[in-house]
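Engineer: Pulled these from Swiss-Prot:
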type     : residues                                              : note
ACT_SITE : Glu196                                                : active site, proton donor
ACT_SITE : Glu308                                                : active site, nucleophile
BINDING  : Tyr90, Asn135, Ala136, Glu137, Asn195, Tyr265, Tyr373 : substrate binding site
DISULFID : Cys271-Cys324                                         : disulfide bond
CARBOHYD : Asn23                                                 : N-linked glycosylation site
CARBOHYD : Asn100                                                : N-linked glycosylation site
CARBOHYD : Asn158                                                : N-linked glycosylation site
CARBOHYD : Asn411                                                : N-linked glycosylation site
CARBOHYD : Asn417                                                : N-linked glycosylation site
CARBOHYD : Asn456                                                : N-linked glycosylation site
CARBOHYD : Asn628                                                : N-linked glycosylation site
CARBOHYD : Asn737                                                : N-linked glycosylation site
CARBOHYD : Asn770                                                : N-linked glycosylation site
CARBOHYD : Asn777                                                : N-linked glycosylation site
CARBOHYD : Asn828                                                : N-linked glycosylation site
CARBOHYD : Asn829                                                : N-linked glycosylation site
SIGNAL   : 1-20                                                  : signal peptide
Amino acid sequence: MTRITKLCVLLLSSIGLLAAAQNQTETGWPLHDDGLTTDVQWDHYSFKVHGERIFVFSGEFHYWRIPVPGLWRDILEKIKAAGFTTFAFYSSWAWHAPNNHTVDFSTGARDITPIFELAKELGMYIIVRPGPYINAEASAGGFPLWLTTGDYGTLRNNDSRYTEAWKPYFEKMTEITSRYQITNGHNTFCYQIENEYGDQWLSDPSERVPNETAIAYMELLESSARENGILVPFTANDPNMNAMAWSRDWSNAGGNVDVVGLDSYPSCWTCDVSQCTSTNGEYVAYQVVEYYDYFLDFSPTMPSFMPEFQGGSYNPWAGPEGGCGDDTGVDFVNLFYRWNIAQRVTAMSLYMLYGGTNWGAIAAPVTATSYDYSSPISEDRSISSKYYETKLLSLFTRSARDLTMTDLIGNGTQYTNNTAVKAYELRNPTTNAGFYVTLHEDSTVGTNEAFSLRVNTSAGNLIVPRLGGSIRLNGHQSKIIVTDFTFGSETLLYSTAEVLTYAVIDKKPTLVLWVPTDESGEFAVKGAKSGSVVSKCQSCPAINFHQQGGNLIVGFTQSQGMSVVQIDNDIRVVLLDRTAAYKFWAPALTEDPLVPEDEAVVLIQGPYLVRSASLEKSTLAIKGDSINETAVEIFAPENVKTITWNGKQLKTSKSSYGSLKATIAAPASIQLPAFTSWKVNDSLPERLPTYDASGPAWVDANHMTTANPSKPATLPVLYADEYGFHNGVRLWRGYFNGTASGVFLNVQGGSAFGFSAYLNGHFLGSYLGNASIEQANQTFLFPNNITHPTTQNTLLVIHDDTGHDETTGALNPRGILEARLLPSDTTNNSTSPEFTHWRIAGTAGGESNLDPVRGAWNEDGLYAERVGWHLPGFDDSTWSSVSSSSSLSFTGATVKFFRTTIPLDIPRGLDVSISFVLGTPDNAPNAYRAQLFVNGYQYGRFNPYIGNQVVFPVPVGVLDYTGENTIGVAVWAQTEDGAGITVDWKVNYVADSSLDVSGLETGELRPGWSAERLKFA
């Protein structure tokens, strides 16, 4: 009762404050727009697009984590196929700005216009999230690393240096987006300002003390976006429920956006759940979070919006191989996403829906190469149970129009006859449609509970099911029980089976319901009198019909498979168990993301994936994927005479109830060639006294001051970013005269970093790294007779960092914080010798962006990379051959580069996914770091001493599926024991597919070697 009273007070106050300036909805809540367009509006209930309410079910993908534009279609088609109305993406400033005078939105995978065009073609809205800061477990949170020196201030504020830095990128990104807004007939419907920037207040938000610096920064971004053509609403995402930032409903402070949202990861955003206790409290599996009161307090006149809700978790360096998918698997999907509906959330974007790969130097130190994120679409682009489980809800929310406008009427166990089960009652105030979200009273409990439910319907108050039996929650599950649900011109009075979707075909409705396998369901169709079973799954028991009070009640138990019931008034009801529902599809025959029922869908049962369908005259063209021979059944208009699957006509038969049946053939099998011959060369000549470091690969490290707020303990400044070298491996050569007994080094490189040291070609030792240590010091004592008392000595430090920290840590330096020589005679208080000078080498060309296609992330400073051994076309004919193909091994502390070429000839008409598998042979040393290169792309960081990732998916486009492939492996042994590594690859899946990956034009993504590289030796 307290909540209802509070809601009324808020409603009255909002009307009083806003009625003069805003339109009113049917219930009195103010209807907002941004003053620039009414194409997008919103109120307490939901977003409206072109005047129609929409349940925004969205998912995130990052185009820069899959740098093959031809595969963006694959990801977006899979998002659309699952029933999502929307997708979201971060754009990455770092990806588009390799240096402070370049903004590139045209080269290779930097041209983002195909994303907008695909959204229009496929029929999905877009939430654009341009940063400039994005977090995203990306190095420096997506900032270009040239920004991290301190020369641009402390960042994320109104400092003019920082402002002038972000403007070129932000203005170009905004200008491109402005052409693809909903106001221009395209599909961008909101634009996020910054990211998880909850800094509006200087202290506790309840005290309302403005942070004028943060406000000025937000206003600069908002002004820039408007000046460069953005007309759609601005959004912002609070990082947690404590920030209370940027809501017009909460305060009239500056910087507020149009619609605010909340990011939430109730099961922790990382597989290491201890990292989330400061935000979430102690981790308790399946513990849901109350959001209703938060939104009612913070943003009552806006839709309850979650710009990021947990779609999975990233895997930290020491996390398990393959991630922690069980933590956010099908039970998490089923329970938590329905729980959000119980909390009146009508706009929700899953982070991530497709994660991708931290290829090159994308990653922040918190994670390794994989960014699979345990997402519904896996890193290798496959789909499985989590994707299908998500589809069960997203198809429902797309079809449940009345769900976009509901009030929370009540909640508790009083709705059920089982105190272990509670329900949340949502009701549409206009249509009186009801949605009862049921779950365990204690969400952490996964017991098998049977119950009946008290519901309010247009036929009165009922207890359902009515014909006996029960509703069941078996495990960590939730069910949404609907009442007075409209499908076409008909009304579902109630259903204890969940609604999957419906279609109006030839002006006749087909309703699709599902239950978990072997569970029962009951539904009542208003005004219907009779029904019959026209198809029943093989092991399903009888389906019962009962006419009561002018309505037809149908009771059933659904074993594995599909049943079909025909009801008078030309109503068809399809009954599915969970396994059949997983493979049930509703491709839209329209580009409208709202999928109006008069433009409708067709319904298809059976395939692994249905990407799309189109109808022309009497031919229904279906595009999709099959991974084995599959029986399919299609519910389509009566005039359909021909069905094609990926352009090939299917032999069909017609069922007695009007569906069409066919069989899709299995795809061809694929056998990958074996790696049989490798070449090898030494990739650390810099350790040798004879090496000449005077070439253009090297830069004097001679800065005696730094703008970085973290000052070094010794000079010169040995921060790699100061000298234009930003990624991974950097090499430092320090010179001194006379003798010394050793050196003390303090190096900072992020979690899991490491370094090794050599004096005059002699190996001194290594710091091997630790998944939780970002900075380490080491004292290396010099062996006798290694130093040259009368000539110059050279210390080489090879240092590997794992990216820049996120948020306020972006400026944390990478490099040597302290370097001190130890005196040779400690008994006579002799003066410590000093380094005379230092030089540094890193990525070939530094910030010059020598390889604009692969980009600034791709390469480190290893000799092999600088001179281009990893690139296609390099001549390795003079190299030594490896004696064994089973293991690439050597002794001694150095870096070796192994190289081979191998052909592929993948047939047309298939989608094929391939992963590399790296390992360490039994009893071989594991104190090494390896990098996998595929046709010039660094697509794997393998660190068996610290990490557990061994499988590295590599997409087509990086791999050449119809030609020669150059594979390279750089192996850095950090002890004299050397290293041994195994390299293999595997097929993840083969599908007969409309995607046809071998037909993608990707040659321009793999530029080859040129002699220009030799100058960086």
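For all residues, glycine too, the Cβ spot is worked out from N, Cα and C.
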Engineer: As a test of the contact definition, list every same-chain residue at least 6 positions from Asn135 (substrate binding site) whose Cβ is closer than 8 Å to its Cβ.
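Structural biologist: In sequence order, the residues whose Cβ lies under 8 Å from that of Asn135 (substrate binding site) (at least 6 apart) are Gly141, Gly142, Asn195, Glu196, Glu806, Thr807.
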Engineer: Between the recorded positions Tyr90, Glu137, Tyr265, Glu308, Tyr373, which lies closest to Cys324 (disulfide bond), Cα to Cα?
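Structural biologist: That would be Tyr373, nearest by Cα distance.
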Engineer: Widest Cα span across the substrate binders Tyr90, Asn135, Ala136, Glu137, Asn195, Tyr265, Tyr373, in Å?
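Structural biologist: Between the most distant Cα atoms of the substrate site, 19 Å.
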Engineer: On a C-alpha basis, identify the one among Asn158, Asn456, Asn737, Asn770 that is nearest to the residue listed as 'active site, nucleophile'; the candidates are the glycosylation sites.
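Structural biologist: So, spelling it out, the nearest of the glycosylation sites is Asn158.
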Engineer: Measure the Cβ-based neighbour count of Glu196 (active site, proton donor), defined as the other Cβ atoms within 10 Å of its Cβ.
Structural biologist: 21
Engineer: Would you mind checking how many other C-beta atoms are within 10 angstroms of the C-beta on Asn770 (N-linked glycosylation site)?
Structural biologist: 16
Engineer: Calculate the distance in Å between the alpha carbons (Cα) of Glu137 (substrate binding site) and Cys271 (disulfide bond), and round it to a whole number.
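Structural biologist: Between the Cα atoms of Glu137 (substrate binding site) and Cys271 (disulfide bond), the distance comes to 13 Å.
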Engineer: Name the one residue among Tyr90, Ala136, Tyr265, Tyr373 whose Cα is closest in three-dimensional space to that of Asn737 (N-linked glycosylation site); these are the binding-site residues.
Structural biologist: Ala136
Engineer: List the same-chain residues at least 6 positions away in sequence whose Cβ sits under 8 Å from the Cβ of Asn411 (N-linked glycosylation site), in sequence order, or say none.
Structural biologist: Ala342, Lys422, Ala423, Tyr424, Glu425
Engineer: Using all protein chains shown, find which of the recorded positions Asn195, Asn628, Asn737 scores highest when you count other CB atoms within 10 A of its CB.
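Structural biologist: Comparing the recorded positions Asn195, Asn628, Asn737, the most crowded Cβ belongs to Asn195.
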Engineer: Please work out which residue of Ala136, Cys271, Cys324 has the most C-beta neighbours within 10 angstroms of its C-beta, and give that one of the recorded positions.
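Structural biologist: When each Cβ's neighbours within 10 Å are tallied, Ala136 leads.
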Engineer: Looking at the recorded positions Tyr90, Asn158, Asn456, Asn770, which has the shortest Cα distance to Asn628 (N-linked glycosylation site)?
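Structural biologist: In terms of Cα distance, Asn628 (N-linked glycosylation site) lies closest to Tyr90.
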Engineer: Run through Asn158, Cys271, Tyr373, Asn777 for me and report the recorded positions whose CA is within 10 Å of the CA of Asn770 (N-linked glycosylation site), in sequence order.
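Structural biologist: Near Asn770 (N-linked glycosylation site), where near means Cα within 10 Å, there are no recorded positions at all.
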Engineer: At the Cα level, what's the spacing in Å between Asn456 (N-linked glycosylation site) and Ala136 (substrate binding site), rounded?
Structural biologist: 44
